[in-house]
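Per TrEMBL, these features apply:
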DOMAIN    2-114  domain 'Gfo/Idh/MocA-like oxidoreductase N-terminal'
DOMAIN    151-222  domain 'GFO/IDH/MocA-like oxidoreductase'
């Protein structure tokens, strides 16, 4: 299957490498305003204009452009029947997200969004162990990225955890609260959100893109059990209240590149007998929640003023 990548930033380059490695795809072209090195082209054709990828016969594309252009770029390819894997978030507004879902369905093109933690094998294993969460705490911290600065840290990083939480909690959201600050950009760079579900579960999420420490960890408390999931370390710590006190298990999961698993799922979705847009719809739900957090955060937000050195 002929594939292309639109946007050759950090993530786009990884997508291009994986398409080149997989037998299921043939990387025929990449589009970016700046010409990538031969190493990152993997023998494919480079073009400044992503529309020219159609002339190369692309059947599937990754959209890894700045978020503000996701809708325009993906809609163009979906309108031409090309299957799209969009890096998160799906779009910047719910109207744009719904338009992409409707276009994909109308054109019978597969649409998927890159919520890569869904394809982390440690999460897949932990997911089997978790039932009816009562409290969830997530931390996603990292250094300043110099990318995705057109969106807040909520849409950039926290959205991964929102997607995971919505997958774990089969319940309606009752309310959301968001707080955060602008430190290095004109968007929130560090944020905390609290989500109350109608059934009583509470989720507390912190995301930062201005941290020296790197962390991608979620802790889930449920029915006398507690699971700590380290997405980066691919490990699970499981605690339960047993007859002889607290019992602890540490489960190490064999590492397998989550993005490669995600792209293989993309291929499976393309070749399936019927289109399943569940993951794209889930990504739209995560966007809706992220936008509500951003809105609440904006109402409270304070500008951190760093004194001159």
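Just so it is clear, glycine is given a Cβ too, placed from its N, Cα and C backbone atoms.
The model shown is predicted, which means the values in this text are computed figures rather than measured ones.
Counted with DSSP, the domain 'GFO/IDH/MocA-like oxidoreductase' (151-222) comes out as 16 helix, 33 strand, 23 coil. Helix, strand and coil counts under DSSP for the domain 'Gfo/Idh/MocA-like oxidoreductase N-terminal' (2-114) come to 50 helix, 27 strand, 36 coil.
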